[in-house]
Amino acid sequence: MDRLYEAVEKKGHVCVGLDTSVDYIPEGFKKKFSSVYDALFEFNKKIIDATEDVAACFKVQIAYYEALGIEGLKVYKKTIEYAKEKEAIVIGDIKRSDIADTARMYARAHFEGDFKVDLVTLNPYMGVDSITPFLEYTDKDKGVFVLIKTSNPSSKDLQLLYAGENRVYERVYDMLRSLIEKSIGEYGYSPIGAVVGCTNSDEAGHIRKRLKNMFFLIPGYGAQGGGAKDIKNLLIDKNGGVVNSSRGILLAYRKHGDERFELHAREEALKMREEILNEL
Ligand SMILES: O=C(O)c1cc(=O)[nH]c(=O)n1[C@@H]1O[C@H](COP(=O)(O)O)[C@@H](O)[C@H]1O
C-alpha cells in the first residue's frame, strides 16, 4: 500500500481497469491477428504503453479472461507480466472468498503462482478467517482490498442494513480493525485496503472518517456515473485512494468515431487525472 501511495503522489489517482472484453477491441485491430487471444493481449499491451505514465496502477478483472477459458487465462497472466515488466503496480480483481484452507490456495495462486499480482480484491462475506490467509503475504509487499461499500445499485441490499447499531459495511471494518491497526505502513495505511465506490455520495464523508488507515480502491468512475466531485470526500490530504475506470478508458475511442484506441485511452486517462486533481 505504501508503494501505491507513492505512485499516487507521483502519477495521480487513475487506476486503469483492464476489463477487456473481446467486443471492446476495434474490428480493424482485431483483424490483424490470427487469434482473438493475441488480439486481446496486444490490445492490453497498447493500453498499458499508452497510459503507464498516467496510471498509479492497473486493475485486471479476471472474469473477462476466465470467460475465455484456458487461453483467456494465459492472456490474464501475460497482461500482468507485461505490466510488471513496466514496473507498474497491478491489482488482480478476483473478489475471492472461502474457508481458510481454500483461501490459502487462492492466496498462493494470486500472490505466488502464475497469476501473481501486488494486490487482490476480496469479498468479506465469509468473515475474517477468509481474509487472514491473504495477510500472510503482507510482509512480502502484498496487500488486499476488501469490499466495503460497492458501487452497484444493489450494494444497499446488504451493505447498508443495520446489524445492531452499525451498518453491515461498518461491521466489516470493525471485524478487520485490530488487523488494520497492527499493520500500519509508512504513510498511515494498512495493507488491508477498502473498495468504496464513488457512486455513494451520501455516505462518502462518513465512510472516509470511519474507515481509518484504509487506502481506498474507488470504482464507479465514468461508465457507472461517478465523477470527480464524488472523489474528494473519499480522500485524505489528496491521497489515500486510487480511482478505477475501465470502460471509460478502454472504450474512449468510440466517442471519436475512429479506431485509435490507445490515443483516446491516454487522453481519457489524462482528462480523468486532471478532473480529479481540480476537485481536490
Ligand atoms: O472491486 C471492484 O473493482 C469493483 C467494486 C465495485 O464496487 N464496483 C465495481 O465496478 N468494481 C469493478 O470495477 C470495474 C468497473 O468498471 P467500469 O464501470 O467499466 O469502469 C469492474 O472491474 C468492476 O468489477
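All positions are counted from 1 along the displayed chain.
Even glycines carry a Cβ here, placed using N, Cα and C.
A 10 Å cutoff on Cβ-Cβ distances gives Lys95 (active site, proton donor) a total of 16 other Cβ atoms nearby, all chains included. According to DSSP, Lys95 (active site, proton donor) sits within a strand segment. Residues or ranges marked as active site, proton donor in TrEMBL: Lys95.
Marked as domain 'Orotidine 5'-phosphate decarboxylase' by TrEMBL: 13-261. Per-residue confidence over the domain 'Orotidine 5'-phosphate decarboxylase' (13-261) averages out at a pLDDT of 97.
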